[in-house]
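Straight from Swiss-Prot, the features:
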BINDING   G12, F13, R14, G15, K16, M17, G92, T93, T94, A118, P119, N120, F121  NAD(+) binding site
ACT_SITE  H148  active site, proton donor/acceptor
BINDING   H149, G158, T159  (S)-2,3,4,5-tetrahydrodipicolinate binding site
ACT_SITE  K152  active site, proton donor
Amino acid sequence: MILNKIKVVVAGFRGKMGSTAVQMILNAPNFELVALLGRKEEVSEAFDVPVFNRKEELENIEADVWLDLTAPEVAYENTYFALEHGLRPVVGTTGFTEDEVARLIKFSREKELGGLIAPNFALGAVLLMQFSKQAVKYFPDVEIIELHHDGKKDAPSGTAVKTAELMAEERLAHHQGAVDEKESLVGARGAVLEGMRIHSVRLPGLVAHQEVIFGSKGEGLTLRHDSYDRSSFMTGIALGIRKVMTVSELKYGLEHFLDL
């Protein structure tokens, strides 16, 4: 018997990511699923834990970690609620603004609680972001193409935004493309973040994919990561659940918990 299991609440358990995460937690010897947040009418009898419709019903639940795999429009409120009630948030929902992340980090420090907002839980995607950060020192001309299933609500993806932000830390100030470039169709060249172009693709059959394409005189470099199914995110989620128990503030990005 394993003592001191980490007690986990899962918000958003009915989604594809959420249902996969629930099974991972149920099968993990060091985790204990203690509650679910979602619509009760859709609950399978296989879940032998309480299910709540409203987060306020969880105020007195005994738990360590709040795993949030909900939707961008509620993720900030959910994360704040978790911290406010002494739970360590592990958040896979994207769409946070820079200001929202800053406020949550500040609040977590006040509460002395660990937490994690991860634009991507796939270890390969985290490595892609770190490799891109190194490559941009030598290849400042770069564009990002992110590809996801057609049910994804936000664009560009949190992974693409995080990749651009990391590259901006190392990329020299640089004008990319023709000075007199004009779009004959608005948006044809994609969105711009930190001087880099991001292109979003949404198609059925895709899960989560990203290319970072670098160009230079006479050569090019393409870095790509593919998640073929949602099991690719479970190692990172499990790592996040364990690691937030060891820190006293919220981190933005799974790379903070890897030896990179």
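Cβ atoms are placed via backbone N, Cα and C, with glycine included.
T159 ((S)-2,3,4,5-tetrahydrodipicolinate binding site) and P119 (NAD(+) binding site) have their C-alpha atoms 5 Å apart, to the nearest angstrom. Following the DSSP three-state reduction, the secondary structure of K16 (NAD(+) binding site) is helix. The (S)-2,3,4,5-tetrahydrodipicolinate site is defined by H149, G158, T159, and by the 8 Å test on Cβ atoms against their centroid, the other residues of the chain that qualify are T94, P119, N120, E146, H148, K152, D154, S157, A160, A208, Q210.
Among the recorded positions H148, H149, K152, none has a Cα sitting within 10 Å of the Cα of P119 (NAD(+) binding site). Here the C-alpha separation of K152 (active site, proton donor) and T94 (NAD(+) binding site) works out to 10 Å. Rounded to the nearest whole angstrom, the C-alpha distance between G92 (NAD(+) binding site) and the residue listed as 'active site, proton donor/acceptor' is 15.
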